[in-house]
């Protein structure tokens, strides 16, 4: 069982090591360590110069951060994870030139950064911008690649939502969003019971696509069997169409040029990304879900479509003489899907406690492309109906699985640079990235510090807008990573998300009363 926060205080810190040791020197000392696990194709992709992706996770704390306690907690948990105590190094003697995860010693203090900022003690709202600007500045700085690629930034400055802020920055090659979230939660405990891991919501009961169901028995009749066969035909057709569109997106199919569409260079090392977030009530989302008989993810797809439509409609009216909103605006999102099942919190907690790599971990990612309808509906619930239809359609497709295996094959046949070029073209020809992560249902503490909110995001990919949803307790965070040169009024776009939730929720309540 993983250590409780009280036990973390009793742990001894590791001896300080010489961080000047480079990968080359360490290689001469430990040649046999090159037998480590190869970096996955997606992980190698994230190390390409034009695709250098990092994950950011902003966490608010209800109390100031005790730095010593925080360091002891990291030493007892995260450092024991193989990915967070290794570097993706390249063995020059390897004819295949494949990066492998090579274990190194870790001095936790090298990964803790406490910035010197000038807060306003009387104005938490002005400190919001100060913290926001600091996190944004991280996107134009680099990490030391001779050390494991992660760091924590501790900002003991009160804001409108928290007493302090902790920012985790790590390279995307360490894991996908779900894996990193699971790892982070495995390091936390329930605030009301420090001996227990956090609880996640019960997954919804879904029958799944018809083709995933067991073959009908003899008692089910011929009709059920024919319907089961037909589901495979639909699966093949949808998969074929999706793959053709995916290939077209890598070649010539581009989204409409809109005020949220990025341009070449938005992923550059000198291009700042800004991370903004807004808290909405999870109960409002569930009200819509229950009224419409759909899932939370269906509602979030509808809310995103409504918010983007409101924002683009306003931009159109501000810049065009004619008031007629154009039709057939193509706005699509890329959605990363982890093909390999994500290890649970308990498995990760046990792995960190034992120091043994017993859980499968890392980037095994496929892509899906989602269309967001840009239209002004008279009935706000039409956005949710469209979101539900989009989600249902994508469940009957193997697009994510095929894109993963196709990318793996392309890397083997043509190399990582060719695969990077194709992936960049898909992202540049679409408008945004989208994801939805499920968080704990009760308040958690991170090494004894009660967590007020969790706001994850990512940067380094060639898109000007990324939208993440993160549930936590009774709230839902809308988190956006934006390029200021493309979307200078990101807080206005956040307002559109919040207003869209309210409008759709009010319409759902009226529908429930009628029924």
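In case you wondered, yes, glycine gets a Cβ from its N, Cα and C as well.
Residues annotated as domain 'O-acyltransferase WSD1-like N-terminal' in TrEMBL: 66-299.
The domain 'O-acyltransferase WSD1 C-terminal' annotation in TrEMBL covers 362-505. Confidence across the domain 'O-acyltransferase WSD1 C-terminal' (362-505), taken as the mean pLDDT and rounded to a whole number, stands at 92.
The region 'Disordered' annotation in TrEMBL covers 194-214.
Sequence-distant contacts of the transmembrane segment (225-253) (same chain, six or more residues past either end, CB-CB distance under 8 Å): 209-211, 213, 215-216, 332, 367-369, 393, 396-399, 402-403, 422-423, 425-426, 429-430. Taken from TrEMBL, the feature transmembrane segment applies to 225-253.
For the domain 'O-acyltransferase WSD1 C-terminal' (362-505), the DSSP counts in helix, strand and coil order read 61 helix, 44 strand, 39 coil.
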